[in-house]
Amino acid sequence: HLRNHSGWKPFRCDKCDYQCVNKSMLNSHLKSHSNIYQYRCADCTYATKYCHSLKL
């Protein structure tokens, strides 16, 4: 938690300048660089990289 206050961001993306305080945030960010759309709508052809994009 203290990393949030200190400004220290030890996790860095190797594809852009993104930095963050924890590994899970980096893993989520790395999806933005991929072409994998693993979450699909059951009612249409929409697909997304992030599960929260399917929620109402």
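Glycine too: its Cβ is placed from the backbone N, Cα and C atoms.
Note that the structure is a prediction, hence the values are computed from the model and not measured.
Among the features that Swiss-Prot reports, zinc finger is placed at 1-5, 11-33, 39-56.
Over the zinc finger (1-5), the average per-residue pLDDT in this prediction is 74. Remote same-chain partners of the zinc finger (1-5), defined as residues 6 or more beyond its termini with a Cβ less than 8 Å from a stretch Cβ, comprise 21-22. When DSSP labels each residue, the zinc finger (11-33) comes out as 11 helix, 4 strand, 8 coil, counted as helix, strand and coil in that order.
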